[in-house]
Each structure stands twice: as structure tokens, then as C-alpha cells.
Amino acid sequence: MSWHEQDYGFGTSSENSKINSDEFEDSMDVTEFNNPGEESTYPQANSWNDSNKTKDIAEYYDYSWSGQREANQQIPQPVPVQPRYPDEQNFSMNGETYPSEAYDYDYSGQEEAINAMNILQGNLERSNEYYSEGVPYSEEDLGAYAGGMTEDDQMYSNFNETGEFNLDIGSSKFSYLNAKNPYPAWIAENSIPITAENILEIFQELQAKFGFQYDSMLNMYDFFMVLLDSRSSRMDAENALKSLHADYIGGRNANYRKWYFSSSMDIDDSVGLQNCKFSSNGPKIKQAKKKQKRKSNKAETEGTNEPETSVQIDPLNVSMENWENEMKNLDCETQVRQLALYLLCWGEANNIRFCPECLCFIFKLANDFMQSEDYAKSEPIEDDCFYLDNVITPLYEFIRDQQFELLDGKLVRRERDHAQIIGYDDINQLFWYPEGIARIVTVDGTQLITLPKWERFHKLSEVDWKKAFYKTFYESRSWFHLVTNFNRIWVIHFTTYWYYTVFNSPTIIEKNFRQSVGPKPIPSCHWTSVSLGGAVATLLMLLATIFEWIHVPRKFPGSRPLLKRFLILILFFILNVAPTVFVFGFSTEEQQRTTGRLTVAIVHFIFSVFTFIYFSLVPLNNLFHRAYKSSSRTHLANRYFTADYARLQINDMCVSWGLWLLVFGAKFTESYFFLSLSFRDPILVLSTMKPYLCNITFLGSHLCIWQPKILLGIMYVTDLVLFFLDTYLWYILVNTVFSVARSFFLGISIWTPWRNIFARMPKRIYSKILCTPEVDSSYKPKVLVSQIWNSIIISLYREHLLAIEHVQRLIYHQVNSLDGDGSKTLKTPTFFVSQEDSSFNTEYFPAHSEAERRLSFFAQSLATPIPEPIPVDAMPTFTVLVPHYGEKILLSLKEIIREQDKLSRVTLLEYLKQLHANEWKCFVRDTKILAEEDALSNQDLNSQDESMKAEQLHKKFDDLPFYCIGFKNATPEYTLRTRIWASLRSQTLYRTVSGFMNYSRAIKLLYRVENPDVAQLFEGQMDVLEYELDRMASRKFKMCVSMQRYAKFTADEIENTEFILRAYPDLLIAYLDEDPPKEGETTPQLYAALIDGYSELDENKKRKPKYRIKLSGNPILGDGKSDNQNLSLPFYRGEYIQLIDANQDNYLEECLKIRSILAEFEAFDLKTNDPYAETNALYQNNPVAIMGAREYIFSENIGILGDVAAGKEQTFGTLFARTMAQIGGKLHYGHPDFLNAIYMTTRGGVSKAQKGLHVNEDIYAGMTALQRGGRIKHCEYYQCGKGRDLGFGSILNFTTKIGTGMGEQMVSREYYYLGTQLPFDRFLSFYYAHPGFHINNIFIMLSVQLFMVVLVNLGGMYHVVTVCDYDHDQKLTVPMRPEGCYQLNPVVNWLKRCIISIFIVFFISFVPLTVQELTERGAWRALTRLGKHFASFSPMFEVFACQTYAQSVIANLSFGGARYIGTGRGFATARLSFSLLFSRFAGPSIYLGSRTLLMLLFGTMTVWIPHLIYFWISTLAMCISPFIFNPHQFSWTDFFVDYREFIRWLSRGNSRSHINSWIGYCRLTRTRITGYKRRLLGVPVSKGVIDTSRAHFTNMFFTEIFIPLMLVPLTLVSYFFIDSQPGNPDPSKVTNPILRILILAFLPIIVAAVVSMTFAGMACMMGPLLDLCCKKFGAVLAALAHGITVFMFIIVFEVSWYLEAWCLAKTVLSMLCIIAIQRFFFKIIQVLFLTRELKHDGTNLAWWTGKWYSRGLGFHALSQPSRELICKMTELNFFAADFFLCHLLLFLMLPVLLIPFIDRWHSMMLFWLKPSKQIRPPIYSMRQNRLRKKIVQRYGTMFFLLLIAFLALIIIPLVVAKDLLANFEMDILRTYGLMQPRDTNWTENGTNWTTVNE
């Protein structure tokens, strides 16, 4: 068998052993050194009072103390560590050179990597050519101290002499290899099976033969060698190579191996796919159509015809066995060749890296060619872009052209939705099955599989890919996806609800119900009705199957056969319905009461329950078929790539099932008693209620008698929604309990019994941070621990988190021994015992400070089980990957000390000083010392008296400038320090880079501490020691920032980037480089480039890239972030990747745990295991793909909004992730997770990138890992810092992004595969942790709306009928009193329970955060934080956020438009205008809230219960939350200045264009439905306009037409009933509410149409003439038209009130009906009759000015006037509604505005700042103050006049209602029934009528 049956694999390892946290040597208590040489080796424990010794030690540790001396006390540093501030070095900014003392006064003096270093005998400069990760010396330099080196180092120094790396490749890029071996583990002494030189020759050969790019080859060679070095550092070299080959190619978990068999490549290699026919069970050999010809004439004459041999296909298990045998026999060179070829194919694949199986196919063809004789004969290809241009580019262009067209060198998006785009997944899935590969044909029609294997690779350039690819899944925007994907959720809830509700609805079944007897249904009828739940379940499964038919094309080989399932489901449906039909339809009442019919009903119920359980438990794709055999080829690709779920361990499985059994056990119990059983009485009274004597014109009593049934129907639906909400409620509670229990189990709660975390910290540092087995036992543990602890404390000090006094109390001191023999001993800080002893009153750090938090978490985390670390030199290499686009790199001085805009009241520096007061004090203190030192060194004071010196200095250095801006002398070195301080406390890239470069510091620290012999070896040679530490750190850790825009950075951005590169020269920066277009071309040539701090500068002062790899085109085809990550993937190094965002932080103490974190991947136990050995079980387990980690949101406690955002991240990222990871429900959410790099990059990368569909790119990597067999774990003992949005708008932007992204996920194929294939418990975990959250939000808001509809319909009855007396304890069989009454009190009680349910669902969102705080920080902190949230109106924000989540998902499924929203990184201190907030949030929430508020007002006026107060708060929150959380919203002057801006916003934009105007907002809102006009072919999209396509009618139908339509009858029936005068025996008093409401609803529309046409005619006739003298003619005309509609709004309200006989409740209901009718009418017009919007507002301007001729309309001039008339008709009505709504919102805020000092209290609520630390008011000039006072006077008067007018419209009619009604009665109104009589309750006096059958 050929090697082609090999593929990529991934191996796993056995469980890592955990360290007993309390294991520690008794010698920790020893206070003396007993080892010779310790004192010189670790001289860190000097006395703090010995200044001379301190100086020596500072020099020893290469530590700069300039600016740090205070009272002759300095801090000893055990190990030199890189500071977060730049090193002591000279560097250039703004063309000036700054000395290191300017800013690095207190930081380590590690030499800049590219500057000279002193090594023993003098200055040795780094080589001009060097290796990227810091091999800085030439061999001659190293030879100077070879005598003091180890054997390995001596071998390196003679590297050229051995010839091992004596490479002649014609490039200076390899000169760094001559300096020193950058891969120390891959050396001859380690018995390597193949030398690095030979490996390079293989890479060069493949590059020449296949036409790979030279730089790409160099990059991939280094990539491969780093992998080999990483693996071989912890296992023998041969197994290191084999394990890599197993991970990539041939192992059991290798993706290539799985693809190889799923696509039947083994059959292609043996018999050829061209000889097979395809079926769902795999390829079959074709039957020969004719006999084979004789072989030759010679054979015929000799009679030696050979017998025909039958060709057969080996079974799958046989093929796999052959594969494994082949893998075992591969020699090392072949393994290297295969790995090299794959990596070279992958490295240049560009966007095709998102298609892993496509890459497998390309690699297979390339390998077939490599294995052939033609390969050996082939000549090198001169074009080094041959592979890119002929293989990758055609595929790239197909992908690009699906979404974009290229116009003038720019990509312009096509108007296609996902269902019409053949995306990455569709392309990739073509290669899953042999049927797909068989579709690949060349341009001449030849099938690729018919060609010889070795010719196929070179034929790829001739393939017609358009004929090959097709949609394999339709991601259409439809709610039908939810039916299919989550069918089991619907089955569980709908069926159970049916059982519960029908069982408690006996009156629905009983024919002859009598109230005095009560419900007595026939048992057989009752049970068979309940049993119809099985039919409900079957019907849901039928719908799911039908919709699957729609979404999955039948021609896709991976589609499941649905006809068989459909027919069996129909049979199930018949079996579940037939007994009911038999009992009800074919049985008399006497027969129904027989035992036989009851038996049928019971059997029916049993079968129904069986159906329900079966459909609930079994995934949709597994229905009605047996499990596949392991040897079966049936749907092998689906099993490998979509359903290869890792099995849970037995304990985790028990936890998973236990959690869901508890959830549903509690849910079913509570739902039955609280929801269903309590619903029994309302069902009974409403289902039997018969209204009497109710009539209206046209309909008589035909409608009103059905009012109770209609109300009951709405209540059924509402109860069903609440039934769904209960499940999520119990999920939150039970999940929280399980998470807390696990936190106790892991020991991470402060309530755990072993609370002495600080006392045991030294022991745990020794046992869990240090790799103690590798440490020489002669070294005392205390010595080692002191170095770690002192380094942590010093890092806190350098970051200005601790004052020098705190440091003195916290670190280990070296003191004289008590024995008096002159020896030294270490004094342990009292901190470790003081935390457990209340008698200590010493302050070790500021209370509730960042230092306290970090040290507490570090101590707490060490109490948890942590994998045992391995030696530093054996740890795997890993990379931190940071995507960067436009985030701030380093704050400029202007950004820090000046307000960002005119709306901001505070500078960033002032705000940061208030947030970090103690840290600012430490910073100022250090700055002053630095300034004093500079002053002393710059002036001659020898002739002055000492006292005069001190006095002069004191006068000179006044404290005020330092405390204000951080410096007094505005020289660059001082301003830079302030910039750095602010940047390290903001969300900047500098903070991220400096934080995560702590990994380098941690590795050097651990390596030195654990290897004291290294320090002894280089004793007195600190430069050499530092070099050795740098070499180890750069070998094990890389950090790569993917700066997509680097080549187009501004000068400031370039300067800031250079600053970071000089501070951290090992930092890698990948970016998108560009060459101008060649002659005759319009498209620039793009490259992926890499630089670091060692890259040379060209003549333009730009860094020369180390690698520059040509791309097929613009790689940014998606939403940006995922493409940016993919761009940098070839430049990562090592075995693992940590994905980080550019607003995160990390800390030294957390970085010390890196070895334990990497050990969680269970890949450290591979030392002697051959991955291809039969006995190796490590590679048979599912590999760990993703390792999740905690996040600390450092924006918490700085205001309510930042704290809410932080709390959500904490609960989701920690509390729930803890449980979800254990039960297999956790996915990947981006930061700060660690990824198994080989596993993920061979399966599509670290994210997905189709534009729009994958807007939440990170989570798809998690779903891919879950589907393909990877395990996802969670780490409790490690956390990173994370920034979060702080403003209302930015938080809601993030919410919108997540919501729209979830809408995209719901239509994706990943959700389809997971929803229809996951096992039951795993499915529930996935659903409720991800889509369930958003669906629950939709259900919450739906329940509120349904509740309001119930309230409106109940209020319509409650207002005009007599309600019966009701005693909750007595039965409903008691006669109702008074006579003729309506028994509505059970319905009111049901309302109360509904409100309680909805309240609990909202309140439950606070439980996880409270519990999280309670377990990790204690009861007081939990209560304090919760109290702050409630005092700051956090519940109102939660309501608004819930609505935003729900609206985002709904809008995305209706209109699409999901895009990456860059969330805010700054501090929200600026006041936003009312108009801006209204236009942003009106559509998502304010309009809905106002309609809900009107419903609630009617309900309150008719059915008052105290429970409604909660709904008043909630609905008000939906309307006014944006303004409540707007900084300084209630500042008196700003309020009226803003009101002026609001009036202007309403009025402008009608005579000339204005971006910020009401008409612009209205047009933008409308384009969501209509879209913009299609651009002409070849014409680019207009600037400033987002190209929005028209939404599809079917997508919009549900939300834009169906729901508004349903609200019309649901409100009208209540209105008709309230005006039907129930109980009135006089038929002559019947009114006509139908005609009345139609007139009132359409009168404003007609008036608006007439006004629009009239004014448009006036504009056409007079506009061009008057415009010569009256420039604002159009604006005046528009203002008159809008004013008329506002007046009409008032008329409609007052007339409606008059016609309702001045009954305010009925008037409110009539306004509800008018709004519902108009809303539906306008929706119909917009959806059906409005064409697309023009991309300019020319038609609007032409309408009011009459200038149609100059608008550039072209042929549109014929159709636009009629279209604009429709628009104006809707706009005028919308304007009137917005005018009144906005003023009502402003009037609601007025009482708050009048509260004294409200701005101060409001700021305290938002920012949690004490009154003494409030943000100062802005400073205005005298002219500005005068202007603002005039504005307040003018517009304040206008505001209050309008308020008086509004109040008058309400108060006057109320006062004079009786007189008005008596004096203004009109007979014509009575004649047509338009006038409603005064309210009279005709049922209250008792009649002979009754509402029930007694």
C-alpha cells in the first residue's frame, strides 16, 4: 500500500498527576544557609538598612535604582526581570534621543537587545544577521568564554566547524544559524535521526520542485524546527519526530487520516474512484459492461491466458490496519518529507487555511506527485509563486467572487445573503466525500479522478471550480432553523405543557358542564385528550424533518435520507391520533364510559409517553436507525467531522445527567403546581363563561360572546411562554449550585475549611510553582521560594501598586544569624502568618487595592489542584497571538491631559487619578525623587550651605504640578512616564504587550531559580548569564501581534510601535504589506510580512521584514478579526497558542503557572511512547483542543455600567464555565483560552471567517473542536486581566454584536449538526449555555407583551361588568354572587402569579454574580456589590439589555446585517445628546416600551393590582434607561442646551442635507426594510453609505407583518367588548365602534397625504422663485406640514376622548387600537409598496423645495415623486408620534431634574465616586456662559410652555367633561353610533341573566 493512506493525527497523553498542596520539606523552617556558595549565588536577602550592600546587590542583579532611593532604602531583587516600563536604554522618539534615566528610573537595566553588551573582555556587538528570537552573538564572541560553558554550549560555539549548519543557500537570512544553534534540543548528542541540515535540504528541494515561495519555505522550516525542538526537549528525538508526524499525518486523531478514509482515498489508491459508483454506504465497484480483451496476440497463440482477477474494495477496518502498518514502517526522512510538504502547502494557503479538508486534498495530490517517478525527473520550477498562482489563487478568487466583485482595484460587496453564497464550509465539505471529489473537472471536461495520481497536482490550475462547488447547507434567514436544530427542546416543553394543561382543562373536554356540579369529564375522553401530547411531539418532529429537507440539499452526500424517517413519523402520528378519533368520533357517550374505551385511552397514554420520551432523548439524525458499525463507511465524514464527540469520563457524565435530572425534576414539579394547577380555575371560569346582552353595529353579539374564549386563548400562549422561562430559571439555579459545589471541591472558595491560604503559600510555591524534583536538594526551599516571592512583590512595586513601606514588610530579608558567627539567614515576612492572625494590625497593602486582589487570588489559586510542572528546558514552546486593528497602542499626552470632546467634563488623567488614587501617589512619589536626583546632578551646590540646598530644592519642586499631571518639567522623558502610567491603566496594546511579556520574565525567573548551577557557572559574568536566560525565554515563548494596518499606520502609530519594539525586541509583528499595482493592473500586490525588534531599518526608517510572503489577494474577506488572525498563523511558533485581545493584561505571578497550564493538555507523558506502537493508549484518547481560563475584568468597581459588564463576564467566564467544562458544554470564546495549535490549525484555524455569518468568530473554533472530537477544559487557578466597555452605548453595541452574532449562529450548519446529533445531556448543556440564553431573552420580552395583551383584554371586560365575589378557599361550584356577575377574580390571581414569575426570571440574573462574590470574596463584599447595583438602578439596565439582546436576534433573523462592531475601549464620561440616544435606541426598545407603557396604563386604570408596580418599573426602564445612564443627564443647564439641540434635530434636513437630523434617522430606519438602490455595474458604492440590500419578504413576514397584524385584532376585540355595553337590554343604544376607530385611525393618514400633495404642489410652483430670496423656503414649508400633523395628533386624541364620553380608560384603549392599525398599515406600505431608497436625500429636498431638476435622479424622476408621496405620508405621522413621545420622555425626567444637587448624586450613582472626588464641571469662557444662559432662558421657557399645553389638554377635559358632554352633543354622531354613552355598568344591579350553565 502506498503511503497516501497516511494522514494527520493528534495524540493524547494520560492524566497528569496532581501535587498534594501541602507537601513541603521541613527545611522551610530553617533560618540559616548551610550550603557553601549560597550567599554568593543568591545574595538577595540584604538588610534594608544597609545602603552599601543594597547598592552592590542592585549592581549584581543588573537593576537600575535611579530615582528609587528614599531614606537610603532600596529594594533587593532576587532575579533580574523585565519591567513593564521600558528598559534602561537610549531610544529615539520624535527625532530625539532620550536617556534611559528619563523614564526607567525604577526598572531593570536589561540591555536593549540591539545595543552593545559587556561580556567579560569587552564590548561584543550582536551580529548584523541574527535569529529572530534572540541568538545575539557570533561564534567568535562566544568563543571568548567557551571555557566556562557547558559541553552543549561549546558544541554550539564550534557549530560551523562541525558542518552541521554550514548552509549554502544563497541568502543572508541563514547567517544567524551560523552564530548558534537556535534549536538546542535537536542536536547530534540527542541521537537525532536526521540532521537540521538534511531537513533544510528537504525543504529547499520541495520549494524548488513545487514552486513554493522562498520566504515561505524559510518561515516553515523555522516553524518545523521549533516544533521539533519543543517536542525533543521532553522526549527522545526519534519519538519527537514520530509524534509530530502522528499529529499531522498518520495518528489516530490526525485530521488528515480521518479525511483520507472519509473521502475514500484508500479506495482511490487501490482501485481508483473512477472505477466506483457511489452510494450512502460508500463506493462500490462498477460492473463491467463487456469482457476484457485479450492481453496480447502472443498470449492468445501460446494459450496462456491468465484468469481474470476480481477487484474488490477492502473493508474499512482492513484499510485502517494497512494504514497503521504503513505508518509504523515509515523512515524518518519520509516522515520529514511529508511534514515539510504539508507545512509548505499550509503556509501559503492564505484563506484556504479555513478549509482544512481542501488542504488535505491538495496535500494528497502533491504527495502523490512527490512519490512518483516524475518527481525525481522533474526540473526545479523557476517561478517561486507557482504553487500560489496555480493552486491557491484560483480557489481564493472563487471564494472572493462569491461575496465581492473587484472594481477599480477595490472589493465591492455583492448583494447576496448566506443562502446564495458558496462559503468556506461549502467548499470544504465538497472534499468530505468521494462524490464531491468526483465533481472536480478541468476546463476541458476531464474528471480529475480519471487522471493518473501523479498528474493531478499539476492539473489543479486547469480545474473549473465553478462546476465543482455548490451549496451544501442553506443558511437562510428563517425561524425554521430553530425548529430543526432545537427540536428536542420544543418536544420536551410543548408535550409536557400539553399533558399538564389538558389534564387541568376538563371543561374543554366536557360537553355538558354545569357550574353547580363542577367538571366531571369522562375518564376515557380525558385521558385520550391528554395522550394527544404524543401527536404534538410527532408533529414537531415532522416539522423538523420538513425544514431539514429545505435547508440541506438532497444532492449533498452528507444529507441524511429523510423519506424513511418522514413516513415512520407519519405512522407515529396516526398511531397517536387514531385512539382519540376512535374514542370521540366512533363512540357514543355510553361507550365512552365503558372499561374498554378507558383501556384504549390508558394504552394510548402509555404509547404517547413512549413517543415523547423517545423523541426527547434521541437526536433527530439518529431516529429510526441502528448505530453505525466502526467498520462501516456509511456517512463516515459526518461521523468524523460533525459528530465525533469526546466521551465524558464516568464522573463527569454522572454530574451531567444529575444536573439535568435536577433541573427538569424541579422544573416539572414547580411548573405543575405553580403554573398549570393554578391555571385550572381561570380555565374553568373562562371556558364556561357566556357574556350576555352585548352588541355593536355590524357584528352584533357574534364577537363579544367569544371574548372570554379569546382571553383564555391568549392566556394559554402566555402560560406556555412562562413554561419555557421556568426551565431556564432552574438551569441558572442548579448550575450555580453545582458550580459552587465544584469550587468547594477545588478549594477556590474562601469558605473552604482549609482557609489558611497565606500561611501555606511558601510551601505551595515550592511544591506547585517550582519543579522541585529537578532542583538540587542541597538548596534550601526557603532560598528558592524567597526569590519567587520577592520577584512578585517587586513587580507589584514597579507597577506602582505598592509603596516602598509595603515592600519592606512583604519581602524576605537577609539578616545576620542569631548565632553570632557572621553567617546570614533569611527572615520570613510576617505577612504569611498575619493574614490568619487578627492580632496583627500591620498594613501590607492598601485595602481593596489591586495588589490585595492579585496576591489573594495567587494564594487562593495555589490551594487548588495544579498539574506538576516540568523543567523549564523541557516545557513546550507556545505563542501568544494578539490581533490588532485600530486599538490604541500608547496614549498620547494630548489624549491624557485634554478633554476628548466638548461633551466631556474630565480629562482622562484626572479620571484615572480618581480611580487609582494610591497608585498615582506612588507614581508621583517616584517622579519627585527622580526630579530631585536630576536637579542635584545638574547644578553645582558645592558652595552652598546644606540647609540652603534643602530649602531651595523644596521651593523648586512644589508638589502641585506633580500631583496634577505627573511632571513639572515637560521634557519628553517625564511626559513619557505619565503616558506609560496612563496607558497601563487603560485598554491599550502597550498594556497587553507589557503584561504578556511577563511570560518571558517568568520563564527566566523559573529557569534561574530551578537551575542554580547555571548562576554558579556564570558567576561574575552577569551579561553572559542574562544572555543565557534570554535565550531560554525566547526559545520557549513567543508573542505575535497581528497588526493588519501596520503598513498604513500614521506617524504617531509608527512611533508608538517602535517604542514597543525597542522595549520588547523579541515581540513579533505580522502585518499586511502592499506593493503598488503593476503596469496594466489595478490591484495592488499584498504580502504577509513579519518583523521584530531586531529587524533592520531601511533608508526610510522602516523595518525590513524577516519574511515577506506573497498573497493571492486581499485576505480580509470576512469581518476582519478572523482574517487578521489567519494572516499571522504561519508566524506562530510552538505547540500551543494563547489567543488574546488587545485590551487584556497579565501578571508575573500568573505567568509563573504557565507550565502547569500547558500540562493540562495532557501531552507531557510522551517521553518514550511511539505514537504508532500498538500498545500506545495515549493517542487513542480524545485530545485536549482548548484550555479555557478565567478572566478578571479590571473595569469593575469603577461605576455601575462597567461593574455590570464585568459581572456578566465573571459569571459566564468563571461560574458557568466551571460547570460547563466538566459536563462537556463549554466552547471557545476567544480570550484568554489556550489552543492546541496543531489540532486547531489542521482543522480550519483558530476561528471562522465568512462575512456576517461568522461575526462571532471565536465560538466557531470551539464548535469545530467539539464536533471533531476535541476536549475543552477550564482552568481555575490562572486568570488574565480583561478590559470591558464602560459606557451605555458601547455596552449595548457589544450586546448588539453578540445578539446579531447569535442570530447568525442559529442559521449556521454548526448549530444544525450539534442540535441534531448531540447526546441528550450534552445537547441540553450546549443549548442552555448558548442559544438558550438568547431564546430565553426573547421569551421574556414575549411574555411581557403577551401579559400586556392579556391585561388589555381582561381590562376591557373588567371595566364594564360586575365581578363576582370570590373566596380563594371555596370551590367554584358555589353559586356566584351577585347575580349576573362575571367570575374574573381567578384570572386576576393568575395575573399576579405571572408577574411574580416574570419578576423572578429577571431577578435571577443577579443570583450568579452574588453567589460568585459570596464564594470568592465573602458575604460583605457580595452584599456591598449587590447593594451598589440596586442603588444604581442596575435592574433597569438589565431590563433594557434583555430587550436589546432579544431585538438583536430577531432583527438579524429578519433583516441580517450582522457585522463586527468595534466596542469601546475608553471611559464613558461624556454626556450624549438626547437626539443621539433616542435615534440609537428608539427602534430596539423605546418604541416597544412606549406601546407597552400605554397598555399598562390602560390595565392600571381598569384592573389595578399592586403587582403592576413592577411592570411600571420595567416598562419605564425600556423607555428611559438610555437617559438614566447618560452622564450628567440631569445637569440643569446641559438639559436645556440639549433640548435646543433636540428641537434643531427635529427641524433640520429639509432644505439642505444634514447627517444629524430626524429625517435622516427616519430614512435610515426605513432602509432596513427597503434597502438602497442597487448600484450600477462598475460604479463603486457611494462613500459614507453602508450598502444595505433589501430584506427578503419571507424573512420580514413574521416580525414586520404577522406580529403587527395579530396586535390589531387582539386590541380591537377588547375595544369592541368595552363599547358593547354588556348587560344593556336596550338594543337602540347600540354604538358603532368599528366605524369610529377606522375614522380616527385613517384620518391622520389622509390629512398627511393631502398636506403632502398640497405642499409639494406649492413647492413646485413657488419654490424655484422664492428660493432666490428665501433660502429657507423648503424648511418653512416642511415645518408647517409637520406642525399640521402634530395638531392632527392632538385633534384625534381629543375627539376620541369626546366620542368615548370623556372616559379616559376607553380613550387610552382607543389610542392603542389606532396605533396598532396605523402601525400595521405603515408596515404593509413599507414592505409591499416602497421601492429601494436612493443613497442620497435628493428626493426629500426636492419635495419641499420644488427643485426636482437638479437632483441627478435620471430615469428615477418618473417614479420618485409617487414613491416620495408614500414616504411623506408615513413620515409626517411618524414625526407627530416622535414629537409627542420625545416630549413625554423629557417631561418624565423633569421631576428628577428639579431635585437639588441631582447632578452630583447622579454622578455618584454612575461612577461610584465620593462627593469629594466628583468630576469637576466644565470651564467655559464668559461669552460661552452668557450664550448658555440665554439658551436656557429661551428654550427653558419653550419647554415649560409645552409642558403646560400638554397638561392643559389632559386637565381641562377632566375638569369640564360633564359640561362639554352636555353642551356639545351632536345628533349625527348619535345617528351613526359614533358617540359612546356615558359609562354605565348594566350588570351591577342584578338581572335574570347568568354567565354560566348552573
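For all residues, glycine too, the Cβ spot is worked out from N, Cα and C.
According to Swiss-Prot, the feature region 'Disordered' maps to 1-53 (among others).
Summarising the annotation, Swiss-Prot assigns compositional bias 'Polar residues' to 32-51.
Annotation comment: Swiss-Prot describes 282-310 (among others) as region 'Disordered'.
Residues annotated as compositional bias 'Basic residues' in Swiss-Prot: 286-296.
Summarising the annotation, Swiss-Prot assigns transmembrane segment to 530-550 (among others).
Residues or ranges marked as transmembrane segment in Swiss-Prot (evidence: sequence analysis): 600-620 (among others).
Annotation source Swiss-Prot lists transmembrane segment at 655-675 (among others).
Summarising the annotation, Swiss-Prot assigns transmembrane segment to 710-730 (among others). Panel annotation: around the transmembrane segment (710-730), residues 493-494, 496-497, 501, 662-664, 666-667, 670-671, 674-676, 679, 682-683, 686-687, 1328, 1332-1333, 1336, 1339-1340, 1342-1343, 1346-1347, 1349-1350, 1353-1354, 1357, 1387, 1390, 1394, 1397-1398, 1400-1401, 1404, 1610, 1613 of the same chain, lying at least six beyond its termini, place a Cβ under 8 Å from a Cβ of the stretch.
Feature annotation from Swiss-Prot assigns transmembrane segment to 731-751 (among others); the stated evidence is sequence analysis. If you look at the transmembrane segment (731-751), the same-chain residues 6 or more away from its ends with a CB under 8 A from one of its CBs are 21, 655, 659, 662-663, 666, 860-861, 863-865, 1215-1216, 1218-1219, 1222, 1276-1277, 1328, 1332, 1404-1405, 1407-1408, 1411, 1415-1418.
What Swiss-Prot records for 1338-1358 (among others) is transmembrane segment, and it gives sequence analysis as the kind of evidence.
According to Swiss-Prot, the feature transmembrane segment maps to 1394-1414 (among others), an assignment based on sequence analysis. Within the chain, the transmembrane segment (1394-1414) has long-range Cβ neighbours (under 8 A, six or more residues past its boundaries) at 674-675, 718, 722, 725-726, 728-729, 732-733, 736, 739-740, 1207-1208, 1210-1211, 1214-1216, 1340, 1343-1344, 1347, 1350, 1421-1422, 1425-1426, 1429, 1434-1435, 1438-1439, 1442, 1507-1508, 1510-1511, 1514.
Annotation source Swiss-Prot lists transmembrane segment at 1476-1498 (among others).
What Swiss-Prot records for 1503-1525 (among others) is transmembrane segment, and it gives sequence analysis as the kind of evidence. Distant neighbours of the transmembrane segment (1503-1525): 1200-1201, 1288, 1344, 1347, 1351, 1354-1355, 1358, 1388, 1391-1392, 1395-1396, 1398-1399, 1402, 1433, 1435-1437, 1439-1440, 1443, 1474, 1477-1478, 1480-1481, 1485-1486, 1488-1490, 1492-1493, 1496, 1785, 1788-1789, 1806; these residues of the same chain sit at least 6 beyond its ends, with a Cβ under 8 Å from one of its Cβ atoms.
Sequence-distant contacts of the transmembrane segment (1673-1693) (same chain, at least 6 residues past either end, Cβ-Cβ under 8 Å): 1546-1548, 1550-1551, 1640, 1643-1644, 1647-1648, 1651-1652, 1655, 1658-1659, 1662-1663, 1666-1667, 1707, 1711, 1714, 1741, 1744-1746, 1768, 1772-1773, 1775-1777, 1779-1780, 1849. Annotation comment: Swiss-Prot describes 1673-1693 (among others) as transmembrane segment, evidence class sequence analysis.
What Swiss-Prot lists as transmembrane segment is 1778-1798 (among others).
Taking Cβ pairs closer than 8 Å, the transmembrane segment (1837-1857) reaches residues 1536, 1539, 1543, 1690, 1693-1694, 1697-1698, 1702, 1704, 1783-1784, 1786-1787, 1790 in its own chain, all 6 or more past its ends. Swiss-Prot lists 1837-1857 (among others) with the feature transmembrane segment, giving sequence analysis as the kind of evidence.
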Compare 530-550, 655-675, 1338-1358, 1476-1498, 1778-1798 by their Cβ pairs under 8 Å to the transmembrane segment (600-620) and return the stretch that comes out on top.
530-550
